[in-house]
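**Q** In case it helps, Swiss-Prot gives these features for our protein:
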type	residues	note
BINDING	22, 84, 123, 458	(6S)-5-formyl-5,6,7,8-tetrahydrofolate binding site
BINDING	230, 249, 251, 254	K(+) binding site
BINDING	230-235, 249-255, 274-277	GTP binding site
BINDING	234, 255	Mg(2+) binding site
DOMAIN	220-379	domain 'TrmE-type G'
């Protein structure tokens, strides 16, 4: 496949030590060499770095002092010639370098175009390309490991094996249909076909078993901290974040808006939402905050209910317990450093089997137990993201689910005595659906849509 030469700034814009301009294309080296004062880049070896200066050809003025990396096709990310120019960080100089490159007839890259070329040139498949963005967005070590595993092609290999098994079954059916007179070909009986289809269905189900944990690692858990005013919600947020993000006072109703913060709890990414204290109020601004708190509570994956150890449960407390029934929630009984007034038996009854953790946030007690409870709630035992293949992408999960249903339709058809050549249609469809995960059978418009979500320069 032949493409034009593209360039973009690959590092985040702003002040910093280093900024990188990436150029990819058959004549990338020649284009950069025109504005580079130093060694003749067209003659240097691949995968080498060279010191020099970028020069404005119109004024012969030195624009930047740079280090230039030369990588020759096909041993590059895009399988094209790649040049990476390491400039000083900042807005003016790096943009000037980019402008000088574009002036040589190079096109500004679209978002994700470098990774798209890696896919179109066969270096990576679609699932590996999507893992690149997952790695960039990873918020925990576990999420990073899952993304790296997918980038290395672990999911691709699993999908490839399944597609190959379906393809061999389809070929076997085809031989039986077209050449029934061949005695040396094993007859594709209904029993053999059910056995093969059942195995594929089981393998798909096995992959999908990791989807809940995979999605959590990729997207995080939306976690709402709720409770009456002044029970310690903001203190809980600050303790989990290990930084003062929310105002903590003895004045009820201090938090009037929703505060969001990402935090890594034992490898589990939480999107923490500290809500306004829920109570009846005449204050218009506070009332708006209370309504938003209830909305966030209904949308959250996990709810942390905070109650006060030094106060008896109120009707408002009990209403909160009723409101979260059917959701994952943990009860935090805070302020155990003060005399007990709360009925712990009643709290346990209202928790209906969910974990109850006692804390004294002012004395930093109970946070470790809470973090363990959160991790245990979503990950039974230990999660080994280094050795397992987790499916975390919603697109992949949807396609695997669809393929599993199609295989199930094929099995039901076989059991109902449908002719094998009709069953072949369902198996072929399942093979095509699985191919959409790796990009083997995906439509071009979907490819464009997926890569448009990438950042510029990647």
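Glycine is treated like the rest: Cβ placed from N, Cα and C.
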**Q** Give me the count of other Cβ atoms within 10 A of the Cβ belonging to residue 233 (GTP binding site).
**A** 31
**Q** Using C-alpha positions only, work out which of the binding-site residues 230, 233, 234 is nearest to residue 22 ((6S)-5-formyl-5,6,7,8-tetrahydrofolate binding site).
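**A** That would be 234, nearest by Cα distance.
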**Q** Do me a favour and check the Cα-Cα span between residue 233 (GTP binding site) and residue 458 ((6S)-5-formyl-5,6,7,8-tetrahydrofolate binding site); whole Å is fine.
**A** 40
**Q** Can you figure out which of 84, 123, 458 (the binding-site residues) comes closest in space to residue 234 (Mg(2+) binding site), comparing Cα atoms?
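**A** Checked the binding-site residues 84, 123, 458; minimum Cα distance to residue 234 (Mg(2+) binding site) goes to 458.
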**Q** Among the binding-site residues 22, 123, 458, point out the residue whose Cβ has the most other Cβ atoms within 10 Å, with all shown protein chains included in the count.
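**A** It comes out as 22.
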**Q** Count, for each of the binding-site residues 230, 234, the other C-beta atoms lying within 10 angstroms of its own C-beta, and report the residue with the smallest count.
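**A** Among the binding-site residues 230, 234, the lowest count of other Cβ atoms within 10 Å belongs to 230.
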**Q** For a quick check of packing: other C-beta atoms within 10 Å of the C-beta of residue 84 ((6S)-5-formyl-5,6,7,8-tetrahydrofolate binding site), how many?
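**A** The answer is 19 other Cβ atoms.
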**Q** Take the C-alpha atoms of residue 123 ((6S)-5-formyl-5,6,7,8-tetrahydrofolate binding site) and residue 230 (K(+) binding site) and report the distance between them in angstrom, rounded.
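**A** Each residue's Cα considered, residue 123 ((6S)-5-formyl-5,6,7,8-tetrahydrofolate binding site) and residue 230 (K(+) binding site) end up 56 Å apart.
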**Q** Of all the Cα pairs drawn from 22, 84, 123, 458, the residues the record ties to (6S)-5-formyl-5,6,7,8-tetrahydrofolate, which distance is largest, in Å?
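**A** So the maximum pairwise Cα distance among the (6S)-5-formyl-5,6,7,8-tetrahydrofolate binders is 19 Å.
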**Q** Hey, how far is residue 84 ((6S)-5-formyl-5,6,7,8-tetrahydrofolate binding site) from residue 230 (K(+) binding site), Cα to Cα, in Å?
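**A** Rounded to the nearest whole number, the Cα-Cα distance is 54 Å.
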**Q** Return only the integer: C-alpha distance in Å from residue 458 ((6S)-5-formyl-5,6,7,8-tetrahydrofolate binding site) to residue 230 (K(+) binding site).
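**A** One finds 46 Å between the Cα atoms of these residues.
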**Q** Looking only at DSSP and grouping its letters into three states, which state does residue 233 (GTP binding site) belong to?
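**A** It is helical.
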